[in-house]
Amino acid sequence: MASATAAAAPGEAEETTRLRKPRFSFEENQILIREVRAHYPQLYGAQSRRVSVAERRRVWDSIATKINGITSWKRTGQEVQKRWNDFKRRTKEKLARVPHSTQGAGPAAEDAFSAEEETIFAILGPGVAGPGAGSGAEESRAAASSQPQASTASTQRYVLSEDRRQDRRADTPAQSKGGSSSPESWARPSCNPQEAKERESTSPAAMQPVQLPRLALSPPLPAPPPPPTALAQVAPSSPSPTPPRPTSAPEQSLDFLRAQQETANAIRELAGTLRQGLAKLSEALSALLPLLPGTPADPLPPPPPPPPPPPPKPVLPPSAPKVELAPEPVSVVAAVVDGAVVAARGVIISPRSEEGVPKPLPPAPPLPLHDSPPHKRRKGFPTRKRRGRWKSP
């Protein structure tokens, strides 16, 4: 007994010194969910923006007080809020796994929602819960309703593909001999009666867009074969000695020859019309020409005489080419020798006498050989004495 009490004493001491509180019980969870649902507009709803943080904290403290009324330990408002956040997060994660678990052969047992989770779905609303809001039966019903929608889309695609295949087989002679053309016969592989009903209801609407290409494509296929056979049957019976025409596009050759002949006839008619028009035009001109002013005998007035040629210009003697002689510069210095003016270059200007008879001039003295060019200065003019080196201008 002493040992048992001694063993129990340390355990009680450990329990009293234990800091971690026990998990929330079922009753505590029920109180938490009920109180959060009652105060949800103040905590998370539209009114939460107008509620201060202190007021929300007081709401959580009041919820914790109600939970502490049924337990021997005390929980704070922060612990209660954390428990609600964890509860909500786990429920959302479980809801996110629902579509993946319902795609198999049957519903998974571990994903069945409890009453608490269903209540949380109702609190959070359809925006968060999605198709699983409400009870578990509604969840399974929503999952079952999502499957027929997907199956309906696949069934419609299947019916369209089968209808196209049926139309192709109907064009072939093997299909025309025997076979059912009803869409129900192609829908037999489906084992779901609901899908069969939906396919029967949607098959007329699906047949309309499919029949259009069949009606558009069916005439070209059977149309080309009959003309060659008809020509082949008529060609031997024709009494014409010409050999049978080749079966490759006979109608095109006939149409081409016919069009060519029509074109030639049209050209001939146009040429005849042009000839008639020209003949009528010539007759009209021949009738109108005599009425024009002019001699009646002449069909056309004579051409006007050409203008007279211009009078010939007087012939002038050829003018001698004008040669300009550069005048030699003559220095101003001149001397008077025996009544005659002698220039620097030796030109003698004889003075006229009073009677107008020129006087004989004596021969001019010979000029020195070392005479400088006329453009150079003579010694008689004073020049500036240059000293030093020449400076560039």
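Each residue, glycine too, has its Cβ placed from N, Cα and C.
Source: prediction; values computed, not measured.
The following features are taken from Swiss-Prot:
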REGION    1-21  region 'Disordered'
COMPBIAS  1-11  compositional bias 'Low complexity'
DOMAIN    16-88  domain 'Myb-like'
REGION    125-254  region 'Disordered'
COMPBIAS  142-157  compositional bias 'Low complexity'
COMPBIAS  160-171  compositional bias 'Basic and acidic residues'
COMPBIAS  173-184  compositional bias 'Polar residues'
COMPBIAS  219-229  compositional bias 'Pro residues'
COMPBIAS  238-247  compositional bias 'Pro residues'
REGION    290-323  region 'Disordered'
COMPBIAS  296-320  compositional bias 'Pro residues'
REGION    348-393  region 'Disordered'
COMPBIAS  359-368  compositional bias 'Pro residues'
COMPBIAS  375-393  compositional bias 'Basic residues'
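Across the domain 'Myb-like' (16-88), the model assigns an average pLDDT of 85. Across the domain 'Myb-like' (16-88), DSSP classifies residues as 51 helix, 0 strand, 22 coil.
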